[in-house]
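Step one of this worksheet: look at the structure below.
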Amino acid sequence: MGEMQTQTWIRRGSNLKLEAEVIDIPPTPTHGDTKYGGLYSSSNMKTAFIIASWYFSNIGVLLLNKYLLSFYGYRYPIFLTMLHMCGCALYSYAAISWLEIVPMQYILSKKQFFKIAALSTIFSFSVVCGNTSLKYLPVSFNQAIGATTPFFTAIFAVLITCKRESAVVYMALIPVVLGIVVASRSEPLFHLLGFLVCLGSTAGRALKSVVQGIILTSESEKLHSMNLLLYMAPLSGLLLLPFTLMWEGNVLAITAVKARDDPSILLLLFANVTVAYLVNLTNFLVTKHTSALTLQVLGNAKAAVAAVVSVLIFRNPVTVMGMTGFIITIIGVVLYSEAKKRFKSVH
């Protein structure tokens, strides 16, 4: 790469973070322990622990990335994402092959491989856009924009699959969009480029969800979510490699220099990668012990909790109108989920 560029390691409160990279979890039947009844049964306690772990890992990866990318001055979000993908690949292999959390599945054809590669490309695009947006936007506003994923999912479902919902379902999306409009107009740290790139990240997540439901439809091609992560993670890492080389240059050399001066960076990176994988693992476990719908509801609450925690810790300015807009968006997402559930039950 030529002469190594020097890096000034600074501690300042910019609004960088890294998205939690999560593979969509398909519905899984609940396996509850019905031997013991009551609120404090072993099954309920286990489920509560799993949900708490899911919240801890999601918010934990947010705080770790915020610390690394803002306060510690490790300004390499793409490289950090690539580390996450490599870590997810290794942890997934250990969880499936050694711990046997789920049965190992194999890619059976080139066609199936290229479908997974297509998903990895969309996934990588979404993550890169999300991390780029966080150079310009505060965490709380990023979480608000991310809550509009159902809006983009509904659009792509119509455009790609021609699948239409009832008018009530689409009406429920109005507050989703309205809330972001309100929040955007009153966001003290609003940045147009960051806003547009964050919308691209949100749309990318929605597109991956729709495309995943299309291209892995046959029984022979369906992969369990943990197996899908096992194959998507290394592909995403390879896809991100040229971007980190192009935009983040000599990150490996700079990291080596920093590790020599401050070995704690290695512990921070290891913890960061580990917690990033736990986001995916606990995502799967919550669905297994509850339901996909419960995961969706908890996800809505998690976005609000993450936004509040980020404001409390990182002290980015917020306004009453901004918080109102976020609340309107969350209410819209809840209404959309409920309307869609009722529409499915009727049909």
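Quick reminder: no glycine exception, Cβ is built from N, Cα and C everywhere.
Caution: TrEMBL annotation is automatic and unverified by curators.
Pulled from TrEMBL, these are the features on record:
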- 45-337: domain 'Sugar phosphate transporter' (DOMAIN)
- 47-64: transmembrane segment (TRANSMEM)
- 76-101: transmembrane segment (TRANSMEM)
- 113-134: transmembrane segment (TRANSMEM)
- 140-160: transmembrane segment (TRANSMEM)
- 167-183: transmembrane segment (TRANSMEM)
- 189-207: transmembrane segment (TRANSMEM)
- 228-245: transmembrane segment (TRANSMEM)
- 265-286: transmembrane segment (TRANSMEM)
- 293-314: transmembrane segment (TRANSMEM)
- 320-337: transmembrane segment (TRANSMEM)
CB contact flag for the transmembrane segment (140-160) and the transmembrane segment (189-207), at least three pairs under 8 A: yes
Non-local residues, at least 6 beyond the ends, that sit with Cβ under 8 Å of the transmembrane segment (47-64): 17-18, 20, 32, 139, 268, 271-272, 275-276, 278-279, 281-283, 285-286, 289-290, 298, 302, 305-306, 309-310, 313
Touch test for the transmembrane segment (228-245) and the transmembrane segment (167-183), at least 3 Cβ pairs under 8 Å: no
Local confidence of the prediction over the domain 'Sugar phosphate transporter' (45-337), expressed as mean pLDDT: 88
